[in-house]
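**Q** Sharing a structure with you now.
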Amino acid sequence: MTIRSQMRKWKSNLGWGVAWFGTALVLFGLFHLLWTVLSKGITSFRWDMLTTVTHGVAGGLQNAILGTFELILISTVIAAPLGILGGVYVSEFAHTKVASVIRFLTEVLSGVPSIVIGYFGYLLMVLNWGWGFSALAGGIALTIIMLPYILRTTESSLQQVPLAQREGAWALGMTRFQAISRVVWRPAAGGIATGVLMAVAIGMGETAPLLYTAGWSSLNPTWHLTGHQVGYLTYVVWTYIEQPYPEAHALAYSAAFLLLVIILVIHLVVRILVKRATVAAK
Amino acid sequence: MKRVSSRSKIADQVFLVATGLCASSPILFLLVITGIVVVQSIPSIRLMGWDFLTSVTWNMGSTYGAMTVKNGVPVPAGASYGALPFIVGTLASSVIALLIAVPISLLTAMILAYRVRGVVKSALSIVVELLAGIPSVVIGLWGIVVLAPWVSSSLGPLLTHVGWVIPFFSGPVGTGMGLLTSGLVLALMVVPIITATTRDLLEQVPILYREGGIALGMTSWEVVRLICLPYIKEGMIGAVALGWGRAMGETMAVLMVSGSAINYLPQNLYSPISTMAAVIADQLDSAMTDASHMAVHALSELALVLLVLTLLTNLVARLLVNRSRGTRRAGMGVKAG
């Protein structure tokens, strides 16, 4: 073997070695992060945090947990129909040009910084429409964050349904609406559910769009949609870790821990759904 | 043959219109967001003009004193809104993030695409996706608790040793809350985006091209370096731009570790900074105390600048990534042939 080819082999090994090192670095960062938050979270989490509200820098997280659920509920109720029906249009009805324009602009919308969406919500809904910091303003801000994901996943899972299924439905004399509502959506349902779940996970972790729209409250949320501030978990993580008190830190760690656990569970469910869908497809 | 009843025909039309309206909602949101932010920025644009982009001082003026009129706009005495430190902070922290994240993401994507198979591959892909799904406040929390102390005690002092070559690296390290930590946190957040996009692109490189390289006697590394990377070049630039847009728009994690500097340009790698997104989040309370609402308008202009920057990078990124997805089909043809 010549020296030159040995050098090339050695370079190849070196290159892949560096590549493995890079991968290890990413994995190390992620696991260090997970380990830090989970271990600190477990030690500071108490079950009575689920049943008490925040008092000053201490207390529990009930208001934030319920507030997060209320915000997610509002945003999902708005974003899921918009996104799913929009995805149906892009996949089933739109001409190729129109579809690609909508697809492109939806991707652009998902690139708008979340703080800009929050500030827009503040200017329009909180100030201009006079809703004040409120659940509805926060929910609509989250809707704008979640909508692109739901639309895109709905569209791509409908695209994977074979054309023959639609043709079969049309051949039975169904209109397009009947074909979609009785036949085409079934194989795509898993994918659509996955998209909605992922959007929920994304919405739960958002802070920036809510700072200017939902405000903060240490009381449990009421069903007043406007004029009443709501608390949410990510706010606790952000503000309480910067307080100098150990009780406040415990609350911040617990809130981060809860968020992480919920998001991990959603990811797990999504994985199972996807796996089931691919097994069924086979 | 069963005839289609007029009722189901009407239902069909209603459904078509309803889905069409829903599909146009993202475009509507995009237009309304841009419109509102532009309209609300107008007073601030009239007040500051181009100085907004070049001045260093961000001062709401005396909120207790009398109003003065400057450039035809009533404002508290001494009000001045200069966003230069925030623009510099945004660009500097996101560029540092890219300098760290791009090589790491490329290498990780290469491993994911070519070096692992089966269970390991799907496990690694899930892990990378998981990283993208971690809330930014949680990453910020880790940044405060782990990263900032580490930068302050280990990484910073280490990097100051190269200060005599690059003056920007020297200087007091401080608390660790600053430019470098922001860059590191942002890097962690853009790695999954660039990695996932690049991995998809690498997997689309036609197998024939790679086999051709191997048949010429190339090592597996040379195949990647000389065949695969040039093949995906355009899409890769798009992936980097995508990550850049995300890094510039990221708020919470940066807000938590940046040190929130105001009226101050970064002097070295460890200086406290502030980004446009972080300032918007940080200045809410003070903006609400301004009776003339000029602070609200100035923040709106800041949001406008940020929106324009991220929209531009996103447009370029999507065009590049989508175009190289288009060439994939041509590549598939080669594969089938």
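Backbone N, Cα and C atoms are what each Cβ position is placed from, and that goes for glycine too.
For reference, TrEMBL lists these features for the protein:
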{"type": "TRANSMEM", "residues": "A:12-35", "note": "transmembrane segment"}
{"type": "DOMAIN", "residues": "A:65-270", "note": "domain 'ABC transmembrane type-1'"}
{"type": "TRANSMEM", "residues": "A:71-90", "note": "transmembrane segment"}
{"type": "TRANSMEM", "residues": "A:102-125", "note": "transmembrane segment"}
{"type": "TRANSMEM", "residues": "A:131-151", "note": "transmembrane segment"}
{"type": "TRANSMEM", "residues": "A:183-204", "note": "transmembrane segment"}
{"type": "TRANSMEM", "residues": "A:250-274", "note": "transmembrane segment"}
**Q** Is it true that the transmembrane segment (A:71-90) and the transmembrane segment (A:250-274) have 3 or more CB pairs under 8 Å, sequence gap of 6 or more?
**A** no
**Q** Within the same chain, where does the transmembrane segment (A:183-204) have neighbours whose Cβ lies under 8 angstroms from its own Cβ atoms, ignoring anything closer than 6 residues to its ends? I mean 6 or more beyond.
**A** 68, 71-72, 75-76, 79-80, 83-84, 87, 92, 142, 145-147, 149-150, 152-154, 156-158, 160-161, 165-166, 168-169, 174, 233-234, 259, 262-263, 266-267, 269-270, 273-274, 276-277, 280-281
**Q** With Cβ-Cβ distances below 8 Å as the criterion, list the same-chain residues six or more beyond the ends of the transmembrane segment (A:102-125) that contact it, or say none.
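**A** Same-chain residues near the transmembrane segment (A:102-125) but 6 or more away: 86, 89-90, 94, 131, 134, 136-138, 140-141, 144-145, 147-149, 151-152, 155, 206, 208-213.
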